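Reviewing the structure listed below.
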Amino acid sequence: MTQRRVVVAIDGPAGAGKSTIARRLAERLGFTYIDTGAMYRAVALWALRQNVDPTDMHRMEQLALAAEIELQPGRIRLNGEDVTEAIRSPEVSSGASKIAVIAGVRRRMVDKQRSIGERASVVMEGRDIGTVVFPDADVKIFLDAQPPERVRRRLLEVRAKGEQVAESTLALEMEERDRRDSTRRDAPLAQAPDAIYLDSTALSIDEVEEAVLKIVRQRVTNGKEFH
Ligand code: DC
């Protein structure tokens, strides 16, 4: 049984399986699951609704500061409203990536993420968790998959919700977003030097979960079970 607070950081590009794995892992370990992308998405949704230009640094920073974001298991609230489904639209995906280049926006989100991680053991997923938010995280995983497989997974997700989108459109959107996320000046998507790289292209969800769990056990409990 671990008594101390543990941080597991999972970073990687869109569609690599971060959310699925982080959620399952948190459940297995009894940790809090934090989807940091959902926080950027919530601010982007607010900007869209308020007609605020996502490249307007000053106004976006104000919105990020004023946004009341609450993370509950499996749900996210923005200023008291449940926006769990609303933040998953393609417009919000692209908007989130655009506002995420603004240093002032990132500062607000990172402050919030650190304060959550200081209170509880967490599995936190995003783009900069192992590099910036928790550079001292106990476990760092960089979860990747080859682009065609990442597009395929996203396509399945979108279609499962009953939405229609052309594969080529989705592929372009993801490529553009990954390029923006990886090339921005402030906290770009990058593998931390001490992160373990895991390519999930040819693995099932169960296989990835087992691989990650094994890494966590080796790093945190010397191979022993958590419970
Ligand atoms: O993980 P996601 O696809 O829901 O994230 C949406 C966008 O938010 C992503 O394109 C970039 C940004 N983001 C970020 O800059 N840093 C994070 N830690 C998480 C997400």
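Placement of Cβ uses the backbone N, Cα and C atoms for every residue, glycine included.
Here is what TrEMBL says about this protein:
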type    : residues                                                      : note
BINDING : Gly12, Pro13, Ala14, Gly15, Ala16, Gly17, Lys18, Ser19, Thr20 : ATP binding site
DOMAIN  : 8-217                                                         : domain 'Cytidylate kinase'
Neighbourhood of ligand 1 - binding-site residues from Gly12, Ala16, Thr20 with Cβ under 6 Å: none
Residue with minimal Cβ packing [other Cβ atoms within 10 Å] among the binding-site residues Ala14, Ala16: Ala14
Candidate with the highest Cβ count within 10 Å, taken from the binding-site residues Lys18, Thr20: Lys18
Cβ atoms near Gly12 (ATP binding site) (within 10 Å, other residues, all chains): 25
Output field, ATP shell: CB within 8 Å of site CB centroid, site Gly12, Pro13, Ala14, Gly15, Ala16, Gly17, Lys18, Ser19, Thr20 dropped: Ile21, Glu125, Leu143, Ala145, Arg150, Arg153
Lys18 (ATP binding site) - helix vs strand vs coil (DSSP): helix
